[in-house]
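Worksheet: one structure, shown below.
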């Protein structure tokens, strides 16, 4: 039966820890940061940017799943050393942090969408209130009507004041006014007096009024189409989500995110569950994993630069706890997402005297960049630390079909990102021209005053 080791050391496995595989994963991690950086220049996340990142993450998710499946097959057939299993886990963590960028984008987009809908509804409530007051007030009560409208109009003034924090509010108000005017024109349209056979003219006018009314409702935050996809949760899951929001209010954003894109959440959660299952297998059976008992005890994992531990150290219990939490589908997404939001809040409270109520995309980018740099650095240091355990460490750099395929897969997200930059080159040039050096420094270093 094939073995992962021989009497002199661990047999190199370039399809797992080769330079081509690592370079591909590192490059994909960098690509996932380009679109958020471009978006952070104007602070606006378009639906097109979100779809582009959706495709980009799928291009990262599939090779990540392939790496995990390959490691599991090797471990159950020809054998896999603990050293190579640790490298697989490290590289999978990089894939997981790349996934966070997509959810960060979707999360902030959802929060801003909620703010837009709330603003539209506030305008609608104000219009309805004014309409009811004018309908109930007689013409003899001009002074009373004027006083009431003066007081109630303060609500609309507050809505207008929100423009400082919500730049699109003026556009929404203009849209509402235009739709009101269009609806009034549709209702009072009697310009065409030419008789038509049957009731065709009445049907056409009714259809026109209905369509315009629907546009007005949409501009006021009232969705006419209720045939939306079902959320990811079942009834028990919904109750669990409500309990989490009550106990931990900051988890409401994570729950909203899962509700917004439950298909993507399912894929990401499945990858995380598979990854956690493999991690538990490794860390709970580290002494018996593979057939390299003579070298397992000497295998080390770098925690931070300059600090490493043996894989058989009792400290590995913390790894076991982490992978147990990541094993439960959907809850693993909630846990990691909530942990990230907590880190963002701590980060912003330390860096800013007064943290903003809304989430800052730049803080997400900086946090993701730091996490990715950490895992890339510790992965390379782990490989360097355990180099002496390999039979011939130079063979890890041999180019195999697996490494070549991993490099080739970079072309898909690379073309996608390049395409987006080319399509938005004019807008990007304007952003760069309008972006002062101090603003760029603040973007890469939010803690700077």
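Note that the numbers count up from 1, one per residue, in the order the chain is shown.
Quick reminder: no glycine exception, Cβ is built from N, Cα and C everywhere.
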Of the residue ranges 359-377, 378-396, 416-434, the one that TrEMBL records as transmembrane segment: 359-377
Per TrEMBL record, range annotated transmembrane segment [choices 82-103, 104-125]: 82-103
Tertiary contacts of the transmembrane segment (262-284), as residues 6+ beyond its ends and Cβ separation under 8 Å: 54, 57-58, 61, 64-65, 68-69, 71-72, 75, 82, 85-86, 88-89, 92, 95-96, 99, 102-103, 106, 229, 231-233, 316, 319-320, 323-330, 332-333, 336
Same-chain residues near the transmembrane segment (82-103), Cβ under 8 Å, at least 6 residues beyond its ends: 4, 10, 13, 16-17, 21-22, 25-26, 28-29, 32-33, 35-36, 53-54, 56-57, 60-61, 63-64, 67-68, 71, 75, 257, 264-265, 268, 271-272, 275, 278-279, 282, 286, 289-290, 292, 295-296, 299, 301, 311, 333, 336-337, 340, 364-365, 368, 371-372, 375-376, 378-379, 382-383, 386, 389
Segment proximity, the transmembrane segment (56-76) to the transmembrane segment (321-347), 3 or more C-beta pairs under 8 Å: no
